[in-house]
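*Asks:* I am attaching a structure below and will ask some questions about it afterwards.
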């Protein structure tokens, strides 16, 4: 046991928590690309034997989950792409415009723990089918709300959160039960491509459909039909894998503990808590930029070119289109870059994942600030700085998800996903769009209305994002201090070497500083 422990401490942190070691396995740090490919094939065969799902079918399931993720983000940011039209149609202020996104996030946030609890205990495929069907129906209904009933439009947009809560707490755990190690990282990165691509397509589709149909309501009628296709794919193609089958090293089945025990254990997991707060800052920044970015660029264009984007109820969507394109490209580029850098850095540093996240957050802050500072003089420079800043922000999407999956035991992952969603949205993008709108309104109060005042007020409000980004980097740096210990504890549980709850009954007495001391079994095994 001693030799094995020392080897585990010295070995490079190449793979994630569920990459279990075999006796006589070569040092992961010395793997060539051919060896990694062979290892991937072996993992695929092993996964098929343990889950009863072939590698090809597993990839197909991930593609379906990617499609669902894409649709949900596309629907969410279609609203952001036509926000100027919504504001004109309902005659609302900046703060009320921010509420359109905030009510959705609040609904999503409060429903996430419910679906997290259900996802750890019941059929995950059925839960997603029900949630997505409801989301498609409510999204369609929201497109028929007339301009006299803004409160009803807010209500329907809030209910849309059911769909995202039903899949976002569950989909990553299904991927975790289908793949191991680097394969899991790659599949998670592919799944999270849908976040930026869906955001960008939402801006583009919203603006294109609105300009073609001459009515922004039609933009909300695109995704419901596609949601029905997603439900059919889940029913007839997707298959649910057994929970934690790939990670068990004994015949002892994984058993659920009570929800309160799950939450108590998660609150004692510093890597989970700190990475969740780090991701909260990501949600704050991206939520504010996603809703207000196109609107701010439109206002900047008014100041620079002395033009009026919205004339006769029709708005100029060049900025929404460009912002959407940038979001797509930078998201894919950032996720790919983050995963690849972390994979290579992990060979020499086991804390690679949180460190890459920290560098991305801290580095993005000055570029976000510069994008705002140059907006009234050069839109080209603004777009360039937005491109760099959003790329750096996107480094962490797949890495944060991977951190959660390898520091949390399989029977608590949906609950952990739900808690992370609640915290990140409660303190992040649930309030940031509304907060930015309120600050903008307060800055404008008492001043003569002008294009310059409208732009400046939103500019100063959005500068908060740069400071929040630096704070997020600090949380990820703190995560790096605990990541190894929490990862090993989750590994030991998955291998049947550690119970889910470390009470006094699972502690042993060891000599420490000349006296007998009770310590957790995990501290000895590690």
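Cβ coordinates are placed from backbone N, Cα and C, and glycine is handled just like the others.
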*Asks:* Which is it, of 48-68, 69-89, 300-320, that Swiss-Prot names as transmembrane segment?
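*Replies:* From Swiss-Prot, the annotated transmembrane segment range turns out to be 48-68.
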*Asks:* Write down the single range among 272-292, 440-460, 503-523 that appears in Swiss-Prot as transmembrane segment.
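*Replies:* It is 272-292 that Swiss-Prot describes as transmembrane segment.
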*Asks:* In Swiss-Prot, which of 8-28, 218-238 is labelled transmembrane segment?
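*Replies:* It is 218-238 that Swiss-Prot annotates as transmembrane segment.
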*Asks:* Does the chain bring the transmembrane segment (98-118) near the transmembrane segment (419-439), so that three or more CB pairs sit under 8 Å (pairs 6 or more apart in sequence)?
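*Replies:* Since 3 or more Cβ pairs under 8 Å link them, the transmembrane segment (98-118) and the transmembrane segment (419-439) do come into contact.
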*Asks:* Checking distant contacts: for the transmembrane segment (218-238), what same-chain residues at least six beyond its ends satisfy Cβ-Cβ under 8 A?
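*Replies:* Same-chain contacts beyond the ends: 60-61, 64-65, 67-68, 71, 74-75, 78-79, 81-82, 125, 128-129, 132-133, 135-137, 139-140, 142-143, 163, 205-207, 209-210.
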*Asks:* Do any residues, 6 or more residues outside the transmembrane segment (355-375), come within under 8 Å Cβ-to-Cβ of it, and if so which ones?
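*Replies:* Contacts with the transmembrane segment (355-375): 275, 278, 281-282, 285, 289, 296-297, 300, 334, 338, 341-342, 345, 349, 381-383, 385-386, 388-390, 392-396, 399-400, 455, 459, 462-463, 465-467, 469-470, 472-474, 476-477, 479-480.
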*Asks:* Ranking 126-146, 187-207, 272-292, 321-341 by Cβ pairs under 8 Å to the transmembrane segment (463-483), which is first?
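*Replies:* Checked against 126-146, 187-207, 272-292, 321-341; highest Cβ contact count belongs to 272-292.
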*Asks:* If contact means at least 3 Cβ pairs within less than 8 Å, sequence distance 6 or more, would you call the transmembrane segment (419-439) and the transmembrane segment (48-68) in contact?
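*Replies:* Since fewer than 3 Cβ pairs under 8 Å link them, the transmembrane segment (419-439) and the transmembrane segment (48-68) do not come into contact.
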*Asks:* Would you kindly check 48-68, 126-146, 159-179, 187-207, 272-292 and say which stretch has the most C-beta pairs under 8 angstroms to the transmembrane segment (321-341)?
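*Replies:* Looking at each of 48-68, 126-146, 159-179, 187-207, 272-292 in turn, the most contacts to the transmembrane segment (321-341) are made by 187-207.
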*Asks:* Counting Cβ pairs closer than 8 Å, which of 126-146, 159-179, 187-207 has the most of them with the transmembrane segment (48-68)?
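*Replies:* Between the candidates 126-146, 159-179, 187-207, the best contact partner of the transmembrane segment (48-68) is 159-179.
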*Asks:* Of the listed stretches 126-146, 187-207, 272-292, which one has the most C-beta pairs under 8 A with the transmembrane segment (159-179)?
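*Replies:* Comparing 126-146, 187-207, 272-292 against the transmembrane segment (159-179), the winner is 126-146.
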